[in-house]
Amino acid sequence: MDTIEKKSVATIRTLSIDAIEKANSGHPGMPMGAAPMAYTLWTKFMNVSPANPGWFNRDRFVLSAGHGSALLYSMLHLSGFDLSIEDLKGFRQWGSKTPGHPEFGHTAGVDATTGPLGQGIAMAVGMAIAERHLAETYNRDSFNVVDHYTYSICGDGDLMEGISSEAASLAGHLQLGRLIVLYDSNDISLDGDLDRSFSENVKQRFEAMNWEVLYVEDGNNIEELTAAIEKARQNEKKPTLIEVKTTIGFGSPNRAGTSGVHGAPLGKEESKLTKEAYAWTYEEDFYVPSEVYEHFAVAVKESGEKKEQEWNAQFAKYKEVYPELAEQLELAIKGELPKDWDQEVPVYEKGSSLASRASSGEVLNGLAKKIPFFVGGSADLAGSNKTTIKNAGDFTAVDYSGKNFWFGVREFAMGAALNGMALHGGLRVFGGTFFVFSDYLRPAIRLAALMGLPVTYVFTHDSIAVGEDGPTHEPVEQLASLRAMPNLSLIRPADGNETAAAWKLAVQSTDHPTALVLTRQNLPTIDQTSEEALAGVEKGAYVVSKSKNETPDALLIASGSEVGLAIEAQAELAKENIDVSVVSMPSMDRFEKQSDEYKNEVLPADVKKRLAIEMGSSFGWGKYTGLEGDVLGIDRFGASAPGETIINEYGFSVPNVVNRVKALINK
């Protein structure tokens, strides 16, 4: 290690120490141990443009070990991103650009929100998938307009999480050679020595999953690190894991190599002793020697800007030779849709009857005909979820151009990979599974919502109507649970036209994910136009079948498959001179964003007798039914029997709805 390298690594370490000390909060051990690998990667290999952090063909970097955020912030500052010393001093403070864990969209240069361990690796896999698909789709002859690498730094905790195995298995199967993961192997976890809980042979595990595994014995050896990354970059047929042996809290005389340095500041005295161990002679905290700034300016900033300029020149020529492809790619990068994107979306007529999963399959195929960068897949349930794009090919290790992704029985990895694909940009992505298994990918949905990613989830088999498979496969609490998640839009459509509307809203999203909750059983098409359905779904709730009188005797509020039931019950109640209005409420979150005036139009304040009908938990419906209303829901688990039998046994029948309304009115 030469003098400038040594000084640069020491600067990264001391900046991280100082930020954590000032905040009196954070994780110094990982940045202190992993600083040399981050330095080597960023100054010798990473192509990034600090002045334009969103440059499309930049290398992607995911700090899967997100608790080491001080390391990333130090790298971003030194590299010339919009992150000042004052920002580093604001580490973990209210309103700062340097939150405790990296947040996408909050800090320039952060490519993914990380912190929940394991998900960063899986998002990096998604980014590598996106790079390969876009490269295969748009690269032509000598024009490699998409050809970057995806890098990640992870720790022991990441590799203990199950999602890392799911994602690594998928990456190896797909031969994602441009994915390189540096493993900060320091033999320490938060609770103590790693051998208390983790003793497997990581090398053999990853080799069994078709990864190349390299080993760096000394994590402080820049030459050794450089050679390993160079070798990894040469392997186009396998992703690479580079195990780098490090010492957590390197340089700390009393805490290096212990769990005590993982998640607590060093303290004033230990910080002083540690800096002395680095031969750091500067008294001032947050000090950066001018020669270190100059070194990073050349190695990262100027190098990256040159690469971006070369890419811009190449893309300008590409536009001349392949104008249509270039226009398409530019549209995809901007996240915009083609002008006629919804022209092939089907319209459903009264009299037809189709499961919403089936109409969803038709709609997504209509969208795929007009949106060339619309891609997705399923966690081994494509036939049931109806997520296959016809005549679009499969994304495989031998053909990355296919638009159908086979995630296998890896729901969590699918969710996180979709996040990575969305973060990468250039694609509109969706993924499907049974609604009950949304719990398997919930942490990835949460990160999608937190990052504001327009991912679409196709959740089918949405209720006890699943039938014979029984309570393990019948969702009950999932609707209420996902509705509680901020910035996730959940839509449960009542028929084909509402399903088409839901998809239209989902693909137009730019700042939130959407969960489509769809039936296995057929649903009758409601007597309204597709335009009326779109207008209603867009507002989250609307009167789908009016009462005869201006003020009804009662309101029936339902979602999904229960809207048809409510309309049937309305007709029966009319025979007994009970006049009710039926409200379809496919999306509570959308309805909550409407004006008070509109809400009162749909749910008149003077109509107190209200019955909500939904084959799921009653939790949350009280807000709309009020103290004088009632909920026909399910607050126990399902059962194994034919679907119609269970539906009737649980009270979702016209006679029971009629009786419940009568009971309300007679209260």
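Glycine is no exception: its Cβ is also placed from the backbone N, Cα and C atoms.
The feature site 'Important for catalytic activity' is assigned by Swiss-Prot to His27 (among others). Around the Cβ of His27 (site 'Important for catalytic activity'), the same chain contributes Ile20, His67, Gly68, Ser69, Ala70, His262, Gly263, each under 8 angstroms and 6 or more positions distant in sequence.
Summarising the annotation, Swiss-Prot assigns substrate binding site to His27, His262, Arg357, Ser384, His461, Asp469, Arg520. Taken residue by residue with DSSP, Asp469 (substrate binding site) is part of neither helix nor strand, so it is coil.
Here Swiss-Prot flags His67, Gly115, Pro116, Leu117, Gly157, Asn186, His262, Phe437 as thiamine diphosphate binding site, drawing on similarity to another entry. Applying an 8 A CB threshold to same-chain residues 6+ apart, the list for Asn186 (thiamine diphosphate binding site) reads Gly29, Met30, Gly33, Gly155, Asp156, Lys245, Thr246, Thr247, Ile248, Gly257.
A coil conformation is recorded for Asn186 (thiamine diphosphate binding site) in the three-state DSSP classification, outside any helix or strand. What Swiss-Prot records for Asp156, Asn186, Ile188 is Mg(2+) binding site.
Of all the Cβ atoms in the protein chains shown, 22 others lie within 10 Å of the Cβ of His262 (substrate binding site). What Swiss-Prot lists as site 'Important for catalytic activity' is His262 (among others).
Annotated active site, proton donor per Swiss-Prot: Glu411, in sequence order. Secondary structure at Glu411 (active site, proton donor), taken from DSSP and collapsed to helix, strand or coil, is helix.
Here the C-alpha separation of Asp469 (substrate binding site) and Phe437 (thiamine diphosphate binding site) works out to 13 Å.
Proximity to Phe437 (thiamine diphosphate binding site), defined by a C-alpha to C-alpha distance within 10 angstroms, is shown by the following recorded positions from Ile188, Arg357, Glu411, Arg520: Glu411. In the three-state DSSP assignment, the secondary structure recorded for Phe437 (thiamine diphosphate binding site) is helix. Comparing Arg520 (substrate binding site) with Glu411 (active site, proton donor), their Cα atoms are 19 Å apart once rounded. Sequence-distant neighbours of Glu411 (active site, proton donor) (same chain, 6+ apart, CB under 8 A from its CB) are Ala379, Thr433, Phe437, Tyr440, Leu441. Ranked by Cα separation from His461 (substrate binding site), the binding-site residues Gly115, Pro116, Ile188 are led by Pro116. Secondary structure at Pro116 (thiamine diphosphate binding site), as computed by DSSP, is coil. Proximity to Ile188 (Mg(2+) binding site), judged by a C-alpha distance within 10 Å, picks out Gly157 from the binding-site residues Gly115, Pro116, Leu117, Gly157, Arg357, Ser384.
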